[in-house]
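**Student:** Here it is: the structure, laid out below.
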């Protein structure tokens, strides 16, 4: 007996039975889809590259806190000059009061130097960098929370605004070293911590395969 051929299966669909045309994927259609996907991938890649480049610029700005080792000599010298001028003004005032008391016959004595603050030293400048790192440890967890609620862009703007505020207020606070350390150190460190993690997370989000 001759072997029987297997039955031929016919694929039918409602559209084919009703006479409707079934769209066919021609080579031109497939080529256009592939080109559109390639353009999308290129656009996505360049957006990720720009995001990483912007993160590098942000971290360059945040790294200005490490210039305190160079600025400390000049800032401390200027603060000592201001303190010496205040001591000289207090000395002139005490001399004037002593002369006035001698002329009046009263026993008034003013000790201006006893109440005057001690001069700041260069070794005291280490407190500024230490306070910046302390503020940074406080700001980094807050930066992670702010990024989830505000987004990376607004978080970086908020951190940069705090750093700019601290630097802008620093010249006004040179008369008090404690206030200078609090504002230029702690507040600037908090702003640095807020803006530190956002560029890193953006880079990981755009290029997860580059971890």
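Indices start at 1 and increase along the chain as displayed.
Each Cβ is built from the backbone N, Cα and C atoms, and glycine gets one as well.
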**Student:** Scan 52-76, 77-101 against TrEMBL and say which stretch is down as transmembrane segment.
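**Tutor:** Among 52-76, 77-101, the range TrEMBL annotates as transmembrane segment is 52-76.
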**Student:** Thinking of Cβ pairs under 8 Å, which stretch from 126-145, 157-180, 186-207 has the most of them with the transmembrane segment (52-76)?
**Tutor:** 186-207
**Student:** Can you work out which residues elsewhere in the same chain, 6+ from the ends of the transmembrane segment (186-207), have a Cβ less than 8 Å from its Cβ atoms?
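**Tutor:** Distal contacts: 44, 47-48, 51-52, 54-56, 58-59, 62, 65, 131-144, 146-147, 152-153, 155-156, 158-167.
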